[in-house]
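Annotation source Swiss-Prot lists region 'Disordered' at 1-38. Sequence annotations record features per position, and here Swiss-Prot assigns topological domain 'Lumenal, thylakoid' to 135-161, 210-228, 297-315. Residues or ranges marked as transit peptide in Swiss-Prot: 1-73. Annotated transmembrane segment per Swiss-Prot: 114-134, 162-182, 189-209, 229-249, 276-296, 316-336, 349-369, in sequence order.
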Amino acid sequence: MLSLNLSESLRIPFQNPRPPKSDFSSTSSSPSSSSRRCVSAYPIPIGFSVRNQYFSRCLTQLRRNESQQLGFRCFQRNDAACYLEKAESEEHDRNLDVLVESSIAHSRREIQRVLMFLAVSGSVALLGTDPAFAASSIPNVTQSLVTSFGDLGDISSGFASAFLLIFFSELGDKTFFIAALLAARNSAATVFVGTFGALGIMTIISVVLGRTFHYVDEVLPFRFGGTDLPIDDIAAVCLLVYFGVSTLLDAVSDEGKADEEQKEAELAVSELSGNGAGIVAAANTIISTFALVFVAEWGDKSFFSTIALAAASSPLGVIAGALAGHGAATLLAVLGGSLLGNFLSEKAIAYVGGVLFLVFAAVTVAEIVT
């Protein structure tokens, strides 16, 4: 009987105690459903030691559940960060696509205008050409092309005009900013080689086109009232006047043209990665720079201005002057293109370039008249 009363007295009625605070209490404002099930769903043994083991298991389960919830929230945050990063990358790609499409469309419009002008000029020249004279002159085309560099003209004047025109056309141009930005991220020597190589090839192509137009005019001259008119010189004057007026209008109207050119150059350069060392990295930088500058320069103002100068001036003088102008502008870009803007205004450079276009057009007109 005494043992029965002792055993009955040891049966203390159980009251669910408050679980101790855990390290994960700050991550949740209320106990989770799994922790409530862990505390109240199962009958609690009477013995204190057994009860302590039970609470230890509950706390272990509680920590496990809270860890899973915390990890899930971290996973959600990582997903959100990845989503934002992906969205920013897609937005950058869309901006780059729009930039490339607009640049291609602008170059295409310029090329279409010039080709339309050349087509009209060629049609007028053919209409004013004597058929018998044209037929007799066609066999001399090969001989004219072979001796194409025999008529060199005044090399000094061609050099001076090409140097001044190209130098002031390239300062502040997109090609200038591309060279400056690439030189800030890569070796200045490799960037100069790639940029100058692309501009040199472009200059040779422009001079060949200009001289071809010049010798076609010699084979099929334009006759007006018994007088032969130099249609190549007239076309050169029209091109120079067109680019001179357009440059001056851009200088007057476009306040943020330099910023726009710089942003386009930054987007173009952001797609190139020339990091590394050694011969392979230098070759990759040269090839990437060459391709980027060649595409950016094709159909540009300096491209057609070189064609116009080559059609009316000495080809060797134009090549030497254009290469010297491109080399000087590229050297300034790779050595300190960002510092140049502190001393020269983009609008002032545009005014000088536009005036030079008009001056050379006037000089060509004077040569035609005399």
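Note that Cβ sites are derived from N, Cα and C of the backbone, with glycine treated the same way.
Keep in mind it's a predicted model, so treat the numbers as computed, not measured.
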Proximity of the transmembrane segment (349-369) to the transmembrane segment (276-296), 3+ C-beta pairs under 8 angstroms: no
Any contact, the transmembrane segment (162-182) to the transmembrane segment (229-249), with at least 3 Cβ pairs under 8 A: no
Contact ranking winner - 189-209, 229-249, 276-296 against the transmembrane segment (316-336), Cβ under 8 Å: 189-209
Same-chain residues at least 6 beyond the ends of the transmembrane segment (276-296) whose Cβ lies under 8 Å from its Cβ atoms: 103, 174-175, 178-179, 182, 186-187, 190-191, 193-195, 197-199, 201-202, 268-269
Taken over the topological domain 'Lumenal, thylakoid' (297-315), the model's mean pLDDT: 82
